[in-house]
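Feature annotation from Swiss-Prot assigns domain 'tr-type G' to 10-206. Summarising the annotation, Swiss-Prot assigns region 'G1' to 19-26. Summarising the annotation, Swiss-Prot assigns GTP binding site to 19-26, 83-87, 138-141. Summarising the annotation, Swiss-Prot assigns Mg(2+) binding site to T26. Annotation comment: Swiss-Prot describes 62-66 as region 'G2'. The region 'G3' annotation in Swiss-Prot covers 83-86. Look at Swiss-Prot and you will find 138-141 tagged as region 'G4', backed by similarity to another entry.
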Amino acid sequence: MAKAKFERTKPHVNIGTIGHVDHGKTTLTAAISKVLYDQYPDLNEQRDFASIDSAPEERQRGITINISHVEYQTEKRHYAHVDAPGHADYIKNMITGAAQMDGAILVVAATDGPMAQTREHVLLARQVGVPYLLVALNKSDMVDDEELLDLVEMEVRELLSSQGFDGDEAPVVRVSGLKALEGDPVWVKSVQDLMAAVDESVPDPVRDRDKPFLMPIEDVFTITGRGTVVTGRAERGTLAINSEVEIVGIRPIQKTTVTGIEMFHKQLDEAWAGENCGLLLRGLKRDDVERGQVVVKPGSITPHTDFEANVYILSKDEGGRHNPFYSNYRPQFYFRTTDVTGVITLPEGTEMVMPGDNTEMTVALIQPIAMEEGLGFAIREGGRTVGSGRVTSIIK
């Protein structure tokens with residue numbers, strides 16, 4: 001009976017609940033866990049639902065985030081579900097990437113319709129690259145008028161479309177988290193329908209091994225008689241011995257061939273995403289490469305200096321700055337393994353940014369970094385983290 005738990009054959013998908021505070025995200029999360037436990041008791045653990053709301057603190061890049069993780073399974077998939085209870089926690093979580101979501105359930109109370117935070121969360125989901133949203137119209141048991149429900153649904157679909165999601169096709173499921181928790185069969189079925197929609201509509205994530213190879217360089221050294229070795233943790237993709245690679249960032253792009261791959265002093269034929277390894281590079285001297293560059297599949301990523309970003313600035317209590325900053329502020333931007341100085345330009349109409357704020361900004365780095373949309377970074381001042389952000393678009 002218990003064997004099903006250890007099946008590693010199912011796709012693993014990370015999802016989350018997003019939406020306005022008090023629209024019932026946490027109650028719905030609890031309802032999903034309970035309904036799936038009752039439906040597939042051999043696949044799911046029973047949980048105490050108070051434990052979802054008392055979210056443990058997590059630290060990501062020096063930022064404290066209250067966030068709770070729940071695991072559950074349907075017949076098709078294994079899910080890790082993240083619920084960030086507070087609005088500020090949700091924003092920090094999205095920007096630091098503390099929980100990368102493959103898809104999200106936008107929770108909208110049928111009694112209220114989309115509110116200011118609903119909009120903000122959808123916008124942020126688009127900016128940080130959440131690939132898929134569907135909608136749980138929660139508290140639907142409290143609305144008797146079918147036409148009113150249709151109206152709210154239309155409004156939510158328009159909101160999704162306005163932010164670049166598929167508002168026409170996204171499933172909108174009418175649910176009641178509270179009634180499902182209480183065991184009301186009509187509403188239990190609504191939560192089952194919601195999870196069936198998640199199974200069907202959130203695409204299987206492309207796992208990191210299927211993407212083009214990328215390894216940030218952490219260290220460079222020379223092995224006498226063999227050449228230059230760079231070490232680091234492969235971020236994505238796979239790399240076979242004798243492959244051509246490019247070294248990108250900080251300096252002009254260099255091409256070379258990987259003539260050896262080592263892990264813990266053992267020779268390997270291939271390096272895989274997630275592994276710490278050393279790569280022996282043909283024809284390069286120790287001074288040709290440095291920490292902060294990346295080893296990549298040729299043509300898969302390009303170096304850039306100017307970009308737009310969405311940034312969270314730490315509050316004083318979180319160990320951040322004590323005072324605001326203005327345009328032309330010059331901190332360090334920590335990408336993957338290195339700091340690069342950059343100059344900040346604030347958007348028109350924003351005169352200054354206070355500690356604890358979430359803001360858009362344009363950044364010009366003094367050296368190019370291998371960059372793509374969605375890449376996370378920390379903002380540092382004298383080695384301590386004062387903010388965290390994501391690249392939303394590349395300028396040059």
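Note that Cβ sites are derived from N, Cα and C of the backbone, with glycine treated the same way.
On a predicted model such as this, the values are computed, not experimentally measured, just so you know.
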Handout entry: From binding-site residues G19, A84, S140, the one whose Cα lies nearest T26 (Mg(2+) binding site)
Key = A84
Completion exercise
Taking DSSP helix as H, G and I and strand as E and B, the region 'G3' (83-86) has 0 helix, 1 strand, 3 coil
Problem - Secondary structure composition of the region 'G4' (138-141) [DSSP: H/G/I, E/B, coil] - result: 2 helix, 1 strand, 1 coil
Exercise for the section: Could you tell me what the rest of the chain brings near the region 'G1' (19-26), counting residues at least six beyond its ends with Cβ under 8 Å? Expected result: 52-53, 83, 85-87, 106-109, 112, 114-118, 121, 138-139, 177-178
Practice task
Inside 10 Å of the Cβ of A84 (GTP binding site), count up the other Cβ atoms and send me the figure.
Solution key: 25
Handout entry: Count of other CB atoms lying within 10 Å of the CB belonging to D22 (GTP binding site)
Key = 11
Practice task
Calculate the per-residue pLDDT averaged over the region 'G2' (62-66) and state the result as an integer.
Solution key: 78
Completion exercise
Students should find that the Cβ of K25 (GTP binding site) has, within 10 Å, a number of other Cβ atoms equal to 26
Practice task
Give the residue counts of the region 'G2' (62-66) per reduced DSSP state, in the order helix, strand, coil.
Solution key: 0 helix, 4 strand, 1 coil
Problem - Secondary structure content, the region 'G1' (19-26) (per DSSP, counts of residues) - result: 2 helix, 0 strand, 6 coil
Fill in the blank from the handout: Cβ proximity for S140 (GTP binding site), under 8 A, sequence spacing 6+, ordered by residue number, returns A110, L149, R174, V175, S176, S190
Practice task
Look at the binding-site residues G19, T26, H87 and tell me which residue has the greatest number of other C-beta atoms within 10 angstroms of its C-beta.
Solution key: G19
